[in-house]
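Record features (Swiss-Prot):
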TRANSIT   1-69  transit peptide
DOMAIN    107-518  domain 'PPM-type phosphatase'
BINDING   Asp144, Asp415, Asp511  Mn(2+) 2 binding site
BINDING   Asp144, Gly145  Mn(2+) 1 binding site
Amino acid sequence: MSSTVSYWIFNSARNRIALLRGGRRLYSRAATSRNLLKWRPFSPALASSALKCGSPPGGFALRKAYRHTSTEEEDFHLQLSPEQVSDLLRAGESSHKVLDFNNGVPNSVLRFESNQLAANSPVEDRQGVATCVQTNGMMFGIFDGHGGHACAQAVSERLFYYMAVSLMSHQTLEQMEEATENMKPLLPILRWLKHPGDSIYKDVTSVHLDHLRVYWQELLDLHMEMGLSIEEALMYSFQRLDSDISLEIQAPLEDEVTRNLSLQVAFSGATACMAHVNGVHLHVANAGDCRAILGVQEENGAWSCLPLTCDHNAWNEAELSRLKREHPESEDRTLIIDDRLLGVLMPCRAFGDVQLKWSKELQRNVLARGFDTEALNIYQFTPPHYYTPPYLTAKPEVTYHRLRRQDKFLVLASDGLWDMLGNEDVVRLVVGHLSKVGRHKPDLDQRPANLGLMQSLLLQRKASGLHAADQNTATHLIRHAIGSNEYGEMEPERLAAMLTLPEDVARMYRDDITVMVVFFNSDSIDTYCKEG
């Protein structure tokens, strides 16, 4: 590979910010706290997206303060082989085939594939997949953290439990309460489908369970025999978890580890996009700028994209109107500054970020209680024009879609993917990948494989000229997101260069990228539809 591209990217990034040499390190003149911004790079691929769903009308310069911790100007002529590039891209990938049945009918989810590529260190994105034991509904979530990973980690671990409890019948909730009261094992709530690389906080699970119990006690008081509807459950779960995150840091906590972790969770933030699939019923809840789309194949074979979410940011006209309705007219000009909420945050909805939700007095009182704020990765000041909080909400927008045979796959991803690729680009890439892999790969579970069959399939693939660099669809999307030029063409040199950027430089060119592709079982969907 030519080193020209990687050398140009490094020098371009370095020249964006005036640097001062200090000892044997390089420092930026700009403020070094990247938490003042949740920046997003902009790709021309997004220009076709509607403004009403929150996509920017044009590009803007990336502004990211960083400290380059290397010694002098290094020789940045790094070279990766295609095999090394693929190894880096595939390090976080995962795939899972769903074998569950519901009343004798195979699950409407056939399989799902995911991957994650970090730009931050440590990565601030999280993901989650679980089956609700009581309802057999499957839940998929993408959680994009900012100001650190603590909030995204907490939401990824806890949100599905709130959702599962919300859907429980009154009788099941009574059984949960009785078991807890008598110190007996709880009924199974979730069946997690974890990736080996998923991290788990174990130190504060008892605190979390206490708050979850308070929630199901309140649900018991409502005396709803069948539990909340799925839409209600999603709305309640998002807002209740965010409220508990806020309350946990206000309550006195004796344990220092728990106290400081709760502080980090509350003062960092996370956007979230969550899908719940049960038979033909697909619900998607979104708060922030993660995104979910459906890939649809019409009867004539043509493919189209069906967006299921809208980005909650400064380019979403409906979101701007909501903010203006919730605050005095005198603040109309200061709600959004430089395309950010109060000039600080890109998304207008998120978990955590209590510094955009609490009053100034409450913030001062909480932070004055002896917390360890030295290492806390939070905003160091209250934004200007902070008059009528809260300015930020975790209330999601919920979309319902009844699955049809033509609905083939669902893509959920953090904004790191959508910064680089438009909705239609993603569908096109998934379909192209299916034509290269899915239609030419024997399904060993469906028919016996022998050498003759394998040879026939290999000859078919060779004759058609089709091949794929990746078996995992999410990996395929990430490869094209960071390796394609402005014309959508893959450039191996660009791809390798983007993967060899130092951590502090990489964040100027791309965000953490987390992608999940859920494939539906068309035959099962047909069966569910016939059964009504």
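Cβ from N, Cα, C; glycine included.
As the structure is a computational prediction, the values presented were derived from the model and not from experiment.
The two recorded residues, Gly145 (Mn(2+) 1 binding site) and Asp415 (Mn(2+) 2 binding site), have Cα atoms 11 Å apart. Within 10 Å of the C-beta atom of Gly145 (Mn(2+) 1 binding site) sit 30 other C-beta atoms, taking all shown protein chains into account. Sequence-distant neighbours of Asp144 (Mn(2+) 2 binding site) (same chain, 6+ apart, CB under 8 A from its CB) are Glu124, Asp125, Ala152, Ala270, Thr271, Ala272, Gly288, Asp289, Cys290, Ser414, Asp415, Gly416, Asp512, Thr514. DSSP classifies Asp511 (Mn(2+) 2 binding site) as coil under the three-state reduction.
The secondary structure of Asp415 (Mn(2+) 2 binding site), as reduced to three states from DSSP, is helical.
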